[in-house]
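I'd like to ask some things about the structure below.
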Amino acid sequence: LILQLLGLSIATMSTVTHYGQHFTLISDTSLDGNSYRVIHLRAFYFGICLSMTLILAALLSSAATVRESQCLTAMGFFCFALAFCGLIPAAYWRYTHSTEVEDSMMDVYDFVYEEVRRNSSSFRRQELTAIHKAFLCCGKHSPFGDTTNVERKTCPPDQVHNAEQDCLQVIQDFLKKHMDFVFSILGITIGFTIYGMILTSFLWFSIHFSSHLDRKGKYILR
């Protein structure tokens, strides 16, 4: 049951990450040369595949326990091993590329901001306004506290002079919290996956050597 709930939580997190307003805005705004869109899609598909694998492994393990089937137990172990082989590279990538997603998101904002500042095109201005509304931030403020025409045109009136709402800092803080939550989920999933592999191995050997706790059949007294 815990593994099924964990699989459902991973699927929910992947769906929210993929279709959430903050991530969708950055993905739609990013250029082809930016790596964020590729990371965004790969993270979604990885999360969905991982959740389906965990749910399938949990169902197979439950069915194997009830039916005492070596085949179902082996299939459950294979699903846990497959999930484990995907989780370890994902955790390693998160550890070694901790700032890549953050940098790519801020690069997207920098590009849109500079495009609006140079050209003031209506298309990019709408995108920048949408980002400001989604992240509740306002432009890139200078250390002198002055405000450019970009902020006046694209920020809500109550945030134009709020220097604490620098968009680069807000995006960085937002993504750091999200990635910390994702990394926590990955750690918990790795732990339960190892537990599932050990449990299915024990069940397989238990069934193989007929060392069941509930013995079937009748005992005949000689």
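First residue shown is number 1, and so on along the chain.
Placement of Cβ uses the backbone N, Cα and C atoms for every residue, glycine included.
Take a look at what TrEMBL says about it:
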DISULFID  CYS137-CYS167  disulfide bond
DISULFID  CYS138-CYS155  disulfide bond
TRANSMEM  39-60  transmembrane segment
TRANSMEM  72-95  transmembrane segment
TRANSMEM  181-205  transmembrane segment
What does the structure give for the C-alpha distance between CYS155 (disulfide bond) and CYS137 (disulfide bond)? Integer Å is fine.
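It is 8 Å, counting Cα to Cα.
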What residues, ordered by sequence, lie under 8 A Cβ-to-Cβ from CYS167 (disulfide bond) and sit at least six positions away in the same chain?
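Long-range Cβ contacts: TYR109, TYR113, ILE131, HIS132, PHE135, CYS137, CYS138, GLY139, LYS140.
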Including all protein chains displayed, how many Cβ atoms other than that of CYS138 (disulfide bond) lie within 10 Å of its Cβ?
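Excluding its own Cβ, the number within 10 Å is 25.
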Let me check the 10 A CB neighbour count of CYS155 (disulfide bond). How many other CB atoms are there?
22
